[in-house]
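Working notes, beginning with the structure itself.
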Amino acid sequence: VVKFRRTGESSRSEEDGISGEHEVQIEGVRTELEPVELGDGAAVPKEFPNPTDDTFMVEDAVEAIGFGKFQWKLSVITGLAWANAMEMMILSILAPQLHCEWRLPSWQVALLTSVVFVGMMSSSTLWGNISDQYGRKTGLKISVLWTLYYGILSGFAPIYSWILVLRGLVGFGIGGVPQSVTLYAEFLPIKARAKCILLIEVFWALGTVFEVLLAVVVMPTLGWRWLLILSALPLLLFAGLCFWLPESARYDVLSGNQEKALATLKRIATENGAPMPLGKLVVSRQEDRGKMRDLFTPHFRWTTLLLWFIWFSNAFSYYGLVLLTTELFQAGDVCSISSRRQEVKAKCSLTCEYLTEEDYTDLLWTTLSEFPGVLVTLWIIDRIGRKKTMALSFLVFSFCSLLLFLCVGRNVLTVLLFIARAFISGGFQAAYVYTPEVYPTATRALGLGTCSGMARVGALITPFIAQVMLESSVYLTLLVYSGCCLLAALASCFLPIETKGRGLQESSHKEWGQEMVGRGSHSPGESQE
């Protein structure tokens, strides 16, 4: 005999007038049921997959509400923050212009680019910590407003030292913009998460393309100062729309703001025209947020170290290819590059060459290669998983780098560079999908921030390989990039956790309903790590 008491509306039957205790005789079933006692605040064991219909967690609500009008609006607004790629792309346009206008030596031109990456590297972990401690919306708003302010101010720089400092401060702000992915991912249901985060990356590619087109129109007429000011327009639009942007419900629950989280979920349900789950929102166990030591617990230690190397390799190879592309195009092929480097050495470091219309065209074509990278990654990431997608991207890049050893013609060279950039950018996008998924809410922003910081280290080092080492040996340079990506492919395979089809983990402690596997998202025979 099993005794049970009706406790909520979720178990209604036709006999609504009946209440109290009821007895049901079950034939052939063991009746000695052992009671299980849980201490105060203890997690419900995984053996009880649905302890009550009268409670739900944020993950359950996000899955029940699904993807709708709210997520579409959030996609556009988050994408505007992600269009800060304009502030990065402007470096390749601004450097030769200031080189000519202010008669800067080559090392000062290079320093103008490096200082932006130094700013990004030094701030990425800080913005992640702010987002975990004070909220995703707070960290993102401050970083975007910071970037907007100093981006516009750099258009009024009177001398080189001023623009050097101001662009460094712009880089400091850009270091926080990847937190838009953290906020965005926490509002997405499992099935839509990978596709949506990848499509948000399209705004990065659109930003770079728009920057080149803007430069074609603005540079000959208004000059570089107006280009710097107008390049801040997407961030200005984002700042205006920030009032609509909600705080992450997952963060609110973890920080103890249950009512605020519930109000956010109800708002999303209303905008999407979907019903809220019945019952009471369960408050997660509160814990310290944004602590670096949590990235190195036994459960996450190897994941963190491997991800740092993967992000480093992504940026190292991506920006290295961007630098190599110009050199290889100007030389015609790898075999001709050594003689060209000797000719360049003979020139004065103050030799002035403005960007031509052909240069802008080349910039545009190489930038467009990122769109096929998004499409390929979009097609395979939910089929083969996040880890294999990253590994495949690194392998293809490495293979294309080795093929450059051959003295191929201009057309084949263009195709190889196009494929290599498409796949390395796709690998970068897959890392942006995987990283927020693998860390719990308490350290998600910090995890993404530290990974982004390691990527900037790679971006800082790569000019010494793609430009300095290239003068000694082009083959050694290509070998370094190819070898680095082979190691990154292995690191991707050795990641302990595959996040495909899994819910976002709310807590560092294993709790019912939040142990990474979303309800109904896997088949009974599917393995779970």
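Cβ atoms here come from the backbone N, Cα and C positions, even for glycine.
Bear in mind that TrEMBL entries carry predicted annotations, made automatically and left uncurated.
According to TrEMBL, the domain 'Major facilitator superfamily (MFS) profile' annotation covers 73-500.
Per TrEMBL, the feature region 'Disordered' maps to 1-21 (among others).
According to TrEMBL, the feature region 'Disordered' maps to 506-529 (among others).
Annotation source TrEMBL lists transmembrane segment at 74-95 (among others).
Listed as Cβ neighbours of the transmembrane segment (107-130) (distance under 8 Å, sequence separation of 6 or more from its ends, same chain) are residues 88, 91, 94-96, 98-99, 138-139, 142-143, 160, 163-164, 167-176, 178-179, 290, 292, 349, 445-450, 452-453, 456-457, 459-460, 463. Per TrEMBL, transmembrane segment is recorded for 107-130 (among others).
Within its own chain, the transmembrane segment (142-163) has Cβ neighbours under 8 Å at 81, 84, 87, 98, 102, 104, 108, 112, 123, 127, 130, 169-170, 172-177, 179, 225-229, 231-232, 235-236, 238-239, 242, counting only residues six or more beyond its boundaries. Summarising the annotation, TrEMBL assigns transmembrane segment to 142-163 (among others).
What TrEMBL records for 169-185 (among others) is transmembrane segment. Within the chain, the transmembrane segment (169-185) has long-range Cβ neighbours (under 8 A, six or more residues past its boundaries) at 74-75, 78, 81-82, 84, 87-88, 115-124, 126-128, 130-131, 136-137, 139-140, 142-144, 146-148, 150-151, 154, 193, 196-197, 200, 245, 248, 432, 436-437, 444-445, 448-449, 452-453, 456, 504.
For 197-218 (among others), the entry in TrEMBL reads transmembrane segment.
Taken from TrEMBL, the feature transmembrane segment applies to 224-245 (among others).
Long-range contacts of the transmembrane segment (299-319) within the same chain: residues 390, 394, 397, 421, 424-425, 427-428, 431, 434-435, 438-439, 443, 447, 450-452, 454-459, 461-463, 465-466, 481, 484-485, 487-488, 491-492, 494-497, 508, each at least 6 residues beyond the stretch ends and with a Cβ under 8 Å from a Cβ of the stretch. The transmembrane segment annotation in TrEMBL covers 299-319 (among others).
Annotated transmembrane segment per TrEMBL: 363-382 (among others), in sequence order.
Only residues 6 or more beyond the boundaries of the transmembrane segment (389-406), in the same chain, are considered here, and those with a CB under 8 A from a CB of the stretch are 310, 313, 317, 321, 328, 334, 377, 380-381, 413, 416-417, 419-420, 423-424, 426-427, 430-431, 434, 475, 478, 481-483, 485-486, 488-490, 492-493. Residues annotated as transmembrane segment in TrEMBL: 389-406 (among others).
With a cut-off of 8 Å between Cβ atoms, the residues of this chain six or more beyond the transmembrane segment (412-434) that come close are 178, 181, 193-194, 197-198, 201, 205, 307, 310-311, 314-315, 317-318, 321-322, 325, 328-329, 332-334, 365-366, 369-370, 372-374, 376-377, 381, 386-387, 389-390, 392-394, 396-397, 400-401, 403-404, 451, 485, 495, 499. Taken from TrEMBL, the feature transmembrane segment covers 412-434 (among others).
Residues annotated as transmembrane segment in TrEMBL: 446-466 (among others). Remote same-chain residues near the transmembrane segment (446-466) are listed as 110, 113-114, 117-118, 120-122, 124-129, 131-132, 175-176, 178-179, 181-182, 290-292, 294-295, 304, 307-309, 311-317, 319-320, 323-324, 327, 431, 435-436, 438-439, 477, 480-481 (criterion: CB distance under 8 Å, separation of at least six residues from the stretch ends).
Among the features that TrEMBL reports, transmembrane segment is placed at 478-497 (among others). The list of residues near the transmembrane segment (478-497) in space but at least 6 beyond its ends in sequence, with Cβ under 8 angstroms from a Cβ of it, reads 302-303, 306-307, 309-310, 313-314, 316-317, 320-321, 334, 387-388, 390-392, 394-395, 397-398, 401-402, 404-405, 424, 434, 438, 465, 469, 516, 529.
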### Summary
Answer key: the stretch among 74-95, 224-245, 363-382 with most Cβ pairs under 8 A to the transmembrane segment (197-218) is 74-95
